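A.B. asks: One structure is given below, represented as structure tokens, and several questions about it will come after.
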Amino acid sequence: AGFGVGLGLALASSAFIGGSFVLKKKGLLRLCRRGRARAGQGGHAYLREWLWWAGLLCMGVGEAANFAAYAFAPATLVTPLGALSVLVSAVLSSTFLNEQLNVHGKIGCVLSLLGSTVMVIHAPQEEEVSSLESMAEKLKDPGFIVFALCVLVSSLLLIFVAGPRYGQSNVLVYVLVCSAIGSLSVSCVKGLGIALKELFSGKPVLKEPLGWVLLVCLVLCISIQINYLNKALDIFNTSVVTPIYYVLFTTAVMMCSTILFKEWQHMVLDNIIGSISGFLTIVSGIFLLHAFRDMPFTPNLLPLFLQPGRADLHTPWSSTDRHQSCQHQPLLPSEDKGSQSAEEEEEE
């Protein structure tokens, strides 16, 4: 039952989050046409745009569904299903934002779905955490403390050092901030999900300081993610930001969950290979979706026997001598040959 509920909530979350990217981008484009201060330049005029608020509402609904899914299923089951948000965002961007989705992008979407399916089948099992006390013990683990410090230090360097220099030209700067901080927000979500379960079971959770600390940390993490995701969406195409954000966010969450919940500690070899293969398949699909987004795919790029209107290719072999191939054509055109022979006669 928990698996089914978590799976359904994760699917709904991907649909809402994928649509939220398009709505936010649409609102930012409207502000750009009006000449307002852009979010990529530090402006906050998008707060008065209703399309941006609609996108934020969709993202809120998606994040709420995602929040609930983490409470019912492991993070390595919920997070890979975020590939569906890439598919939804790519299709809607092609429809409403006139951003190209060619054959390579469609193949990339299919590969992302296949990789997500493989990762769900071979998803590792996390250690059972049933109370805030056990969650507090895991948060005190030295490995997680080192990971959290690395995330905070790297995010500060990206924000205050790399951002002013490379934020306008390199998509990785702001997306890395969102992904790194997002890995910590998932840990807060897991802890708050446990707190809500205890609250509904009648335990005095509201008196526990850890629940409030996790709530404050979650609000801070989400605020940072929204701010820098807006910057990335304002500067770069949605079809670029969404897949890169998915790959980096999924990688960060998998690392955080592995360190915090020891998910890979008791996995057998075939599940390890399956999880890694599924994730690499997703990365390959995201690469196809991103790297070849501007490459037109015309029928001339197909093999000859698949190109339409090539009925002459099925003529018998006896008639092939009527059509000389390029290899048997003269290297020089006939006019050039005639002029060359005339020059030779004059020399004689």
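The backbone N, Cα and C atoms fix where each Cβ goes, and this holds for glycine too.
Note: TrEMBL annotation is automatic and uncurated.
This is the feature table in TrEMBL:
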REGION    316-348  region 'Disordered'
TRANSMEM  6-24  transmembrane segment
TRANSMEM  45-62  transmembrane segment
TRANSMEM  68-91  transmembrane segment
TRANSMEM  103-123  transmembrane segment
TRANSMEM  143-164  transmembrane segment
TRANSMEM  171-195  transmembrane segment
TRANSMEM  210-228  transmembrane segment
TRANSMEM  240-260  transmembrane segment
TRANSMEM  272-292  transmembrane segment
A.B. asks: Does the transmembrane segment (240-260) make contact with the transmembrane segment (45-62) through 3 or more Cβ pairs under 8 Å, each pair 6 or more apart in sequence?
C.D. replies: no
A.B. asks: Under 8 Å for C-beta pairs, could you tell me which stretch among 6-24, 45-62, 143-164, 210-228, 272-292 has the largest tally with the transmembrane segment (68-91)?
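C.D. replies: Of the candidates 6-24, 45-62, 143-164, 210-228, 272-292, 6-24 scores highest.
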A.B. asks: Counting Cβ pairs under 8 Å to the transmembrane segment (6-24), which of 45-62, 103-123, 143-164, 210-228, 272-292 comes out on top?
C.D. replies: 45-62
A.B. asks: Assess whether the transmembrane segment (272-292) lies in contact with the transmembrane segment (143-164), where contact requires at least three Cβ pairs under 8 Å among residues 6 or more apart in sequence.
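C.D. replies: In this chain the transmembrane segment (272-292) does not contact the transmembrane segment (143-164) - fewer than 3 Cβ pairs sit under 8 Å.
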A.B. asks: Other than its close neighbours in sequence, what residues sit by the transmembrane segment (210-228), given a CB gap under 8 Å and a spacing of at least six beyond its ends?
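C.D. replies: Residues 56, 59, 63, 132, 135-136, 155, 159, 174-175, 177-178, 181-182, 184-185, 188-189, 191-192, 195.
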